[in-house]
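**Q** Take this structure first; my questions come after.
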């Protein structure tokens with residue numbers, strides 16, 4: 001008995017192989033297409049923005065005239081907001097992560113906290129803006145201040161950092177803990193001196209990536225009420241402010257074509273921040289990555 | 001602890017005991033403090049839900065719920081006969097989402113298949129991080145790209161396309177979610193064990209047949225979950241649509257028209273000067289809660305799919 005009809009196989013084979021090749025081509029094309037789009041996007045921004053990108057751009061405030069417009073207030077505003085966001089977000093999320101990984105017993109409440117965090121990660125950022133507007137701006141009466149914006153941002157990045165920190169803490173091997181207990185250390189001593197130091201590279205990497213997301217976020221701060229036109233540098237956390245993405249949004253929305261170059265130059269500055277933050281994250285990951 | 005001459009053993013024991021008692025206090029306090037920190041995440045959710053609900057109730061005291069769900073017009077800025085029909089904003093949002101999904105699903109899935117099934121290890125190691133760059137670009141940059149590059153490009157193809165339309169931001173939102181769909185689908189496909197690939201290949205299947213008949217069905221739950229998450233992302237996207245989509249809420253399914261999405265409306269109101277306490281001010285919460293519910297349901301569906309239908313090998 002013939003198991004395989006060779007003729008039939010040969011007849012069908014060329015068609016099947018051709019199909020394979022065609023689809024391989026399509027899959028490659030799709031991948032290449034996304035890379036090309038990325039290239040076009042970056043190329044466009046840099047060619048559009050380079051004409052306006054100069055030292056003065058960093059020294060000037062926003063202006064009605066495109067040639068005098070600068071990003072100074074926005075850069076400083078972004079730094080202020082981050083100065084509020086980073087410590088608060090870190091304390092909240094690392095604390096939550098330690099609690100969930102080290103202390104929490106498997107109860108309904110902890111699994112509720114866990115689901116809750118993963119759901120929070122999927123809430124659109126503009127909804128966080130509404131929360132910030134109602135709770136921080138109105139209820140706590142912080143006004144349209146850096147503090148209100150920074151707190152809103154801290155809540156926005158919280159779920160991302162919690163998840164990253166949890167993974168980092170979970171990756172610390174049991175033996176390290178057991179050795180520490182064996183030496184007579186208490187639980188908190190073990191966490192503080194053994195677990196956290198081992199988990200810190202992972203926590204820091206995840207946090208930097210989260211904060212570099214936050215620095216590009218526009219919507220929540222627009223809702224909380226960052227101003228688009230700020231002609232001074234904020235002096236305290238209660239001052240009103242603007243940030244880079246909002247400044248870019250404002251420039252991009254203007255009808256005059258000249259402002260497009262200004263917006264593109266603003267985007268270049270934003271990119272510089274992102275590249276620096278991401279490189280630091282990659283550096284930490286490569287430098288401190290330990291395998292046990 | 002070294003035993004010095006001036007310290008007796010008794011002293012050392014005493015010192016150790018006093019240290020232990022402060023330690024014990026710390027040990028008891030710390031879990032409580034950390035628990036409170038963990039509660040903040042719940043408080044955030046509670047805060048979101050409560051603020052949305054309370055302010056929405058105020059809104060519905062002024063505008064009837066029936067009008068909100070049945071009226072086809074959203075004209076909050078008409079002073080005398082303002083109309084609040086959420087359908088107009090929802091249709092704008094759905095239009096953007098549909099266009100985005102049409103762009104993102106085929107390209108994202110194809111890229112995922114290439115990376116997981118066809119690409120060499122080396123190619124994957126280079127291409128994947130580049131895709132991640134695409135995912136890390138702030139949405140405001142995508143909005144600028146839509147307004148200054150994609151729209152003019154589309155205008156050369158469709159001459160009477162207005163400056164603000166649904167097509168251009170829809171496409172760009174699609175581009176924005178490609179990396180997410182690609183990377184989540186790739187994860188799902190890579191986790192299909194090699195033995196299944198090898199089994200099919202040994203039977204004489206081509207790579208394409210293996211992909212279509214073995215890998216895709218096996219990884220389907222992860223792939224579908226990535227689509228659902230992509231839809232949820234597209235619905236919640238804000239800056240691209242508020243820059244390039246226009247501000248004309250209307251019930252239309254014509255992608256060349258100017259529209260407004262739920263998110264873009266919230267931005268328009270909060271960056272304009274709708275004063276605190278006006279009906280317009282409260283309307284952003286009614287829109288916000290609608291948006292929140294849409295994305296929450298989609299996220300729950302995605303979680304359910306990837307948990308319920310996950311194939312374990």
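Residue numbering: from 1, along the chain as shown.
Cβ from N, Cα, C; glycine included.
TrEMBL lists these features:
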{"type": "TRANSMEM", "residues": "A:21-46", "note": "transmembrane segment"}
{"type": "TRANSMEM", "residues": "A:79-100", "note": "transmembrane segment"}
{"type": "TRANSMEM", "residues": "A:120-140", "note": "transmembrane segment"}
{"type": "TRANSMEM", "residues": "A:146-169", "note": "transmembrane segment"}
{"type": "TRANSMEM", "residues": "A:190-211", "note": "transmembrane segment"}
{"type": "TRANSMEM", "residues": "A:259-284", "note": "transmembrane segment"}
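How buried are the listed features, and what sits near them?
**A** Nonlocal intrachain contacts for the transmembrane segment (A:79-100), taken as residues 6+ away from its ends with a CB within less than 8 angstroms of a stretch CB, comprise 110, 113-114, 117, 146-147, 149-151, 153-154, 157-159, 161-162, 165-166, 168-169, 191, 195-196, 203, 207, 210-211, 214-215, 221, 234, 237, 241, 243.
Residues 77, 80-85, 88-90, 92-94, 96-98, 100-102, 117-118, 120-121, 125, 128-129, 131-132, 136-137, 140, 195, 199-203, 205-207, 209-211, 213-214, 217, 220-221, 224-226, 234, 236-241, 243 of the same chain lie 6 or more positions beyond the ends of the transmembrane segment (A:146-169) yet place their CB under 8 Å from a CB of it.
Panel annotation: around the transmembrane segment (A:259-284), residues 44-46, 48-53, 57-58, 66, 69, 71, 74-75, 78, 201, 204-205, 208-209, 211-212, 215-216, 244-245, 247-248, 251-252 of the same chain, lying at least six beyond its termini, place a Cβ under 8 Å from a Cβ of the stretch.
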